[in-house]
Amino acid sequence: MLTQTREVAAEPEEGGAGLKTHLPRANVVPLLLFQKREVYSVELSGIKDIEKTDKEDGKEKSRGLKNKCLERKKNHQKEELKKELDMDDHKLSKEELETKYGTNIITETPEIIKFLKQMVGGFSILLWIGAILCWIAYGIQYSHDQSSSLDNVYLGSVLALVVILTGVFAYYQEAKSTNIMSSFQKMIPQASVYLGSVLALVVILTGVFAYYQEAKSTNIMSTLVIRDSEKKTIPADQLVMGDIVEIKGGDQVPADVRLLSTQGCKVDNSSVTGESEPQARSCEFTHESPLETKNIAFFSTTCLEGTATAMVINTGDRTIIGQIASLASRVEDSKTPIAIEIEHFVHIVAGVAVSIGIIFFIIAVSMKYHVLDSIIFLIGIIVANVPEGLLATVTVTLSLTAKRMAKKNCLVKNLEAVETLGSTSIICSDKTGTLTQNRMTVAHLWFDHQIFVADTSENHSNQVFDQSSATWASLSKIITLCNRAEFRPGQESIPIMKKIVVGDASETALLKFSEVMLGNVMDIRKRNRKLSIHETEDPDDKRFLMVMKGAPERILEKCSTIMVNGQEQPLDSSTAEAFHTAYMELGGIGERVLGFCHLYLPTDEFPETYSFDVETMNFPTSNFCFVGLLSMIDPPRSTVPDAVTKCRSAGIKVIMVTGDHPITAKAIAKSVGIISANSETVEDIAKRLNLPVEQVNKQDAKAAVVTGMELKDMSPEQLDEILANHSEIVFARTSPQQKLIIVEGCQRQDAVVAVTGDGVNDSPALKKADIGIAMGIAGSDAARNAADMVLLDDNFASIVTGVEEGRLIFDNLKKTIAYTLTKNIAELCPFLIYIIAGLPLPIGTITILFIDLGTDIIPSIALAYEKAESDIMNRKPRHKKKDRLVNAPLALYSYLHIGLMQALGAFITYFTVYAQHGFLPSTILNLRVEWENDNVNDLEDSYGQEWTRYQRKYLEWTGYTAFFVSIMIQQIADLIIRKTRRNSIFQQGLFRNKIIWVGIASQIIIALILSYGLGSIQALNFTMIRPQYWFVAVPHAVLIWVYDEVRKLFIRLFPGSWWDKNMYY
Amino acid sequence: MRRQLRSRRAPTLPYGYRYRLDDQDEVNQNYLADEEEEAEEEARVMVVPDLEEEEEEEEEKEEDEKEEEESHSQETDSAWWRKLQIVNEYLWDPEKRTSLARTGLILVIYFFFYASLAAVITLCMYTLFLTISPYMPTFTERVKPPGVMIRPFAHSLNFNFNVSEPDTWQHYVISLNGFLQGYNDSLQEEMNVDCPPGQYFIQDGDEDEDKKACQFKRSFLKNCSGLEDPTFGYSTGQPCILLKMNRIVGFRPERGDPVKVSCKVQRGDENDIRSINYYPESASFDLRYYPYYGKLTHVNYTSPLVAMHFTDVVKNQAVPVQCQLKGKGIINDVINDRFVGRVIFTLNIET
């Protein structure tokens, strides 16, 4: 009965409101509520209608345009008719037709194979060269002497193996993080529930399930099409242009279609335009922009209700979605800042390695060394110079951070993107769902000539406005009764704001509001049941109450009185003025305003038994009593203003880019602090000074609101100007392409740009951005695929976490690299001195690999766990081109200061070992040739003792081991000093980062195993060394530490001084 | 904090500087140059007092740069030229005559840094030498057990010669003669003492006292001394080969059991060598030559020798010979080291 009434009642009420059928705001639904005896309520639901006139103007204009077009078309057709009929479509088979007009499949970008890339990137090339040189050296040796040792073959193979293993490892890490990503994607809402093996199982199952679902859904997507003069169901991908299709509620629109006839058709356009409200569709041309006109429905959108017949106008890649998808796929994935930094660093190190290698190759050749020997020196220099383990370390470090961020709801898809947020200097944020809660909420009330503020925080707990007025009692009654939304049953334990509601956005907001304000709404409604007799709250009052809500001005039209302090007063011009002021004020801050009125029907005319009939309208529709206004907004998330402030203090510019109306966008921007309280736009200044907009000095305005229409006419230079001159910018009503343009504009300013978004329309911008951040819950798949990072909780505040982690990882990577580079000098010097001074080789190539890939790995990863030294959120984002990861001070300090000190310490150990065994430094000078001669088995040392070749070799290996241990010991000191770049180690706390100590322990244990566990394995060139050699380098380690403390002390004492600039890395 | 300072400072730099810093590739190529450049800037910031001068200079500089830019505007595409120009500017700026001085500041700092490092390493080495005795090596375990070497030795352990062609063996004879010069009886008698055989020649006393050495006369080698047969038997196809044990400071064979030498065919028919004469006849190193006190104090120490006279070796065939030391505490089977306690060589005597 009730439903019937509603539907029947719709038509006349609409007519009364004077609105056209095709406009959604005209969709007025009256609802009859019968209180026990006399109360009768009519609900008039509508939408605020500020822009109505504009739109209608636009509509007329466009109609005119359309007519002109038609005329032209007609003329053109006349010309065409005179020509011979040129057509062969009739001869073609259906298959040929499909090929001619294109089938309806969106092409996908192919999978890229990253594996080989890992094998040749970075240092791998250098190591390959080293390996090949080794093999060449062996080849030469072999051609001279068939019995030559296989050492060079082994070394070459080891180098190749190192490259392959590092490559496999990096690939694996990358793949793993992508896998984690895709599995998380499928289960984002419950991500935190599953643990351990359950997680793994679920991941697999969801994966399989999702795949199955996907396969299934692509299979069933079929459509009803009129072909061969009959209705057929065919798979949607066989559609061609010109097909006539039928769409009904629940269907996905199979292609871009022009609607031919509709019946109450509504579509969900959120995936295309980002509008979350259902959009009504009709056959009429209403807007020039194809995105906004009502007679077009887009591929992949869903028809929510009604039916439509439509003609296919675009298929496959030519659809709007297809275009966006191909736009997104065509947008080049630019290199992440950290990738650029690492490349830069690789260039530096490779440059140093190659140039030193070549210089010493030349020196060696000119010193009359055999070319073969020179090649072997070259290999040694390359191996010593290249930090083999570093790239793997960086990968691990990044993935550790990625994991940490995933815990904080930032899921990183592309490992390198971990750091990007840290360098970000501009964030282009979408509004809906990111900055706002994406649900309408009652924000303001107006009654008794006063505006009251309602609490819009996530839980609505804190409603402070005055509720004593009798008007409020009436208003709340209307809000409660004049509402069709209902809570879905079975949600008793869920907080009110989280309950799922059946009904549209505004009614949901009202329902939740009244539930919070009054308690059990359903119960109240029950007590005021329609058409049934119940006990009433006020037994004396036997009148029907008729309630109505709707667009304020329409409601006001129907009212003759207004309620003030519970008393009905005649509606005079001053109260109307007050109403308008309030209405404009609330509308002006971007809120959707609803008016509420009621009418007590007199008992004599409408007795208890009166039968209402909406068809004949046998009840009054005017002379209501106006009770109040209520305005709603999609309120900002409570964490956003704080997060925006934090971004500001971190030197990050936050720009809002939204598809929404400028007024709403500006209001939200103001409330979250994107436009700060005291800054004005050019328009604001113009209004304040009463000047035309053109005369205002644009430099005075800190803020700017730019609409898509304005943006369309702008040159890139103008956009640059806006981006550079205004610190607070809001872009409203933007299209996907424009989002892309904005991102490009920002990038032209040398900024690292982060884009947040959720819709398909955001995906090109997400891809173009240095880091695209998609919403995990509300985000569309397209957005999530295009993004580098997914916010699992859709919360803008998580970005701040990301920024913090990104900056921290940048700092920590600096430390890691500084740590790793340092020992390269200690590894390189032996080779240089070996060549120049002819000492027995202090450290072997294999031993170097054991440092780079053995003892140093865990400590350098441990640096990733280091806490920030100072408040990293209070400094500016790094400049992409000035603040490099590896800068000159870092390289020089690592190489020429600490590195050299390490080399010295290690050499002292080396000399100690040799001297204590009989070879004083003076003796070993230039001893190389004899030392390495296999036929000299009675080489005399400083004491006259004679050594066989193998005894010397063994001593040499002892030297390697001692040198290795010394570097290791000094690397411990290096590790400790790298904990901080500026603060004293005591300020940072020696024991706060426990992982560092794990790293130190690992270093010592690995060295112990190598020296004492594998001492007998000849190929590794390790021997058991006397325990005291472990301690020779300890004073040098202490010296390194003291030196670095002094460096930091001077940096702290004299900020900005010469020392600071040259010694701070 | 520092970062902010930097970024605040940055815009005040003349245009050219910023450009240079921005150039990424250049960082690699002119790495050191960059550093110098930074120092240069920084030095400029430091020299605040004469602000006016500074400004003038900067103006001049800017003008210069403009001029330069103009003059090279035709070659703007040659980035290399510009880079060279920049490098040149650091090295010697003719206008300001200062940049080199600023570079000099860095050099001075580095000079002091490295000077102190040098001081540290000198100190370390000094300490090292303090702890090391010049007379006794601290550890001798790496040189033990003793290695063995033979003479004549000419790059190879293969003795290939033709008896009838003196050219093929003459160099062995020369080598042996040369080696044995130090063992000449006259020299030994003059320099060294004749100490009692069969017991260690232990000389107590201070480490730094000169030690006496025992005589090992060339004549001990009898037929292999080259005194009677100046060709050491090579001319008759009966070569002499001298075996020498490597010197090790403080090495003493186990008491009462001098180290003996014994040779045999390593692989193949044992009868390929039918007889070997050893000189001294005991085929051992007498105990009186031990211990060795190191070359600083034990100046005239002459290593004892054992000569093997291969009097009857199969001719025209390579005979691998292994000579081993035998005695208590002597190791002669180290797999990796074929010269510890043994020596392997081949004899191929052609007639």
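A Cβ is built for glycine as well, from the same backbone N, Cα and C atoms used for every other residue.
TrEMBL annotations: computationally assigned, not manually curated.
The feature coiled coil is assigned by TrEMBL to A:67-98.
Residues annotated as transmembrane segment in TrEMBL: A:120-141 (among others).
Marked as transmembrane segment by TrEMBL: A:153-172 (among others).
Feature annotation from TrEMBL assigns transmembrane segment to A:193-212 (among others).
Secondary structure of the domain 'P-type ATPase A' (A:222-328) per DSSP (helix as H, G, I; strand as E, B; remaining residues coil): 19 helix, 49 strand, 39 coil. Per TrEMBL, domain 'P-type ATPase A' is recorded for A:222-328.
If you look up TrEMBL, you'll see A:344-363 (among others) marked as transmembrane segment. With a threshold of 8 Å between CB atoms, the same-chain residues lying at least 6 positions outside the transmembrane segment (A:344-363) that come near it are 122-123, 125-126, 374-375, 377-378, 381-382, 385-387, 817, 821, 824, 828, 831-832, 835-836, 884-886, 891, 895.
Proximity of distant same-chain residues to the transmembrane segment (A:375-400), defined by a Cβ-Cβ separation under 8 Å and at least 6 residues beyond the stretch ends, is recorded for 122-123, 126-127, 129-130, 133-134, 136-137, 140, 152, 155, 159, 162, 166, 169-170, 173-174, 176-177, 338, 342, 349-350, 352-354, 356-358, 360-361, 364, 369, 415-416, 418-419, 809, 812-813, 816-817, 820-821, 824, 827-828, 830-832, 834-835, 845, 848-849, 852-853, 856-857, 860-861, 863-865. What TrEMBL lists as transmembrane segment is A:375-400 (among others).
What TrEMBL lists as domain 'Cation-transporting P-type ATPase C-terminal' is A:840-1050.
Look at TrEMBL and you will find A:885-911 (among others) tagged as transmembrane segment. Distant neighbours of the transmembrane segment (A:885-911): 338, 341-342, 344-345, 348, 352, 810, 813-814, 817-818, 821-826, 828-830, 833, 842-843, 921, 959, 962-963, 965-967, 969-971, 974, 977, 1029, 1032-1033, 1035-1037, 1039-1040, 1043-1044, 1047, 1061-1065; these residues of the same chain sit at least 6 beyond its ends, with a Cβ under 8 Å from one of its Cβ atoms.
Under the heading transmembrane segment, TrEMBL lists A:957-976 (among others).
The transmembrane segment annotation in TrEMBL covers A:996-1015 (among others).
Per TrEMBL, the feature transmembrane segment maps to A:1027-1043 (among others). For the transmembrane segment (A:1027-1043), the residues of the chain that approach it from at least six positions outside its boundaries are 897-898, 901-902, 904-906, 908-909, 912-913, 962, 965-967, 969-970, 972-974, 976-977, 985, judged by C-beta separation under 8 angstroms.
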The transmembrane segment (A:957-976) in contact with the transmembrane segment (A:153-172), cutoff 8 A, at least 3 CB pairs, sep 6+: no
Intrachain neighbours beyond the transmembrane segment (A:153-172), with Cβ under 8 angstroms and 6 or more residues off its ends: 114-115, 118-119, 124, 127-128, 130-135, 138, 379, 383, 388-389, 391-392, 395, 845-846, 849, 853, 1019
Per-region confidence, the coiled coil (A:67-98) (mean pLDDT, whole number): 56
